[in-house]
Amino acid sequence: MKQTVWHHLKLCPQGDPQNTLPDAAIAVENGTIVWLGAASSLPADYAAWPREDLHGAWVTPGLVDCHTHLVYGGQRADEFAQRLAGVSYEEIARQGGGIVSTVRATRAADEASLFRQSAARLEPLLAEGVTTVEIKSGYGLDLASERKMLRVARQLGERYPVTVYTTFLGAHALPPEFAGRADAYIDEVCNTMLPALADEGLVDAVDVFCERIGFSLEQSERVFNAAERYKLPVKMHAEQLSNGGGTALAARHRALSADHLEFLDEAGVAAMKEAGTVAVLLPGAYYFIRETQLPPLELLRRYQVPVAISTDSNPGTSPATSLLLMMNMATTLFRMTVPEVLQGVTSHAARALGKADRHGSLEAGRAADFAVWSVDSLAELAYWIGRPLCARVVRAGETVYTRRELS
C-alpha cells in the first residue's frame, strides 16, 4: 500500500484559474486521491504519511487532448513544401498525394512500425502534462488497416503512462477503391468494419467527417445509427469548411462533441446547448491551412456551450504535438481567455470524451493524475511559445515524467 501526501503546492483542482488554493496538499493512496484541500486542514489520519514537497509549484489536473489522429504512417512535409511553392491541393491529390498518400503509408506499415512512428508523436504530449489522449482511426479505410490503427492506439495506452480512448473514424474519407461509390463505402463502414471492431473491443466512440468533401448528412446519420446499435457514443467533424447542418444532426444524436465549427451558426449552437454537446475547437488546423472564418465564440459563450481545445494532431492539416501551443493559438487567434483555454484542455476536454467523471479535475475518489508546472502564474501556460513548462507529470500517484527538480 503506497501512501503519499503531496504538499507545498498551489492547486487548481478544476482547471479554472479563478478557483485555486494557494497552499494546498493532496493525499494519495494506491494511485487514488483520498483527500485534497488547504494544507492547514490536512486531516490527522494523513499527517504521518510520507511527504513529497513540490516547493510551491502550481498543480493542475493532467491535461486532456480530446481530438487527435496520432496513429498514421509517414508524413507529408514534402506536400507542405509544394503548397508553399504554389502547387494546389487538387494537383497534389492528382499526383497521388493528400490523404491518399497517408492511407497508402498507413496500410503499408506493420504494427511495430506504426507504433514507433506514433509513439514519437505521443511523447511530446506527455512531456507537456498530458495524461489522457483520444486517438482516432481513419487512415486505413479498410477493415484490416483500421483494426491495425486501433490496436496500435490501444498499445500506446498500455505501454505509455497515458490513458488512451479510441475513436473509429472509418467515415473519414473515401478510399481509392470506392471512388464514386460513397454509399457503398458507408455500407462497408456500418455493416463490416464497425461490427468487427466493436466486437473486438477496439472502439470507445465513433466519429464521422460530415462535409462537402467528406460525407453527407444522410451518410453520417447511417454511421451514427450503426454506432447506436453497439451502444457507442458519437462525435462529428462538423462545419469546418461550410455550414452543412452537421452539428444539428450530431446534437439530435446526443453527440459527445462537434469539432472544428468555424461555420457553425446560431441554430447549431442552440442545438448543442440543448443536447449537452461540447464544442471542440482546433486552432492548429485553423492556423495551418490559413482559415479566415473564426468559430462563433461569442455565440458559444452566450449559450454557455462548454468549449474544449485540442491539437487535432494529423499529417495533413495540423502536424502539432503541443497542447500548450494550441492554448496560445486559441487565445491569440480565437480571442479565448486564459480560464477558457485551461478548462478547454482539462474539464471541458474530459467532458468531450464523456469522461468528466474520471479525468479533467482533481477530487477525492479520482485517479491522482496531475501536472506540476514551473510557472509563477497559470497564465504562463498560454503565454510562452516553445518554452518547456512542465516540471513533472504524475499518473495514478506515480511520477512518470520529470524534466527538472523543483527547488
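If you go along the chain as it appears here, the first residue is 1 and each next one adds 1.
Cβ coordinates are placed from backbone N, Cα and C, and glycine is handled just like the others.
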**Message:** Quick check on the annotation: Swiss-Prot has HIS67, HIS69, ASP312 binding Fe(3+), so which of HIS7, HIS237 does it put in that site too?
**Reply:** HIS237
**Prompt:** Say Swiss-Prot lists ASN314, GLY316 as binding N-formimidoyl-L-glutamate: which of TYR139, TYR160 is in the same site, per that record?
**Reply:** TYR139
**Request:** May I ask you to find which of ARG76, ARG366, ARG387, ARG392 Swiss-Prot records for the 4-imidazolone-5-propanoate site already listed with TYR139, HIS172, GLN240, THR317?
**Result:** ARG76
**Prompt:** Which state, by DSSP, holds ARG76 (4-imidazolone-5-propanoate binding site): helix, strand or coil?
**Reply:** coil
**Message:** Of the binding-site residues HIS69, HIS172, HIS237, GLN240, which one has its Cα closest to the Cα of ASN314 (N-formimidoyl-L-glutamate binding site)?
**Reply:** HIS69
**Asked** In whole Å, how far is GLY316 (N-formimidoyl-L-glutamate binding site) from HIS237 (Fe(3+) binding site) when you measure between their Cα atoms?
**Response** 15
**Asked** What does DSSP call HIS237 (Fe(3+) binding site) in the simple three-state scheme?
**Response** strand
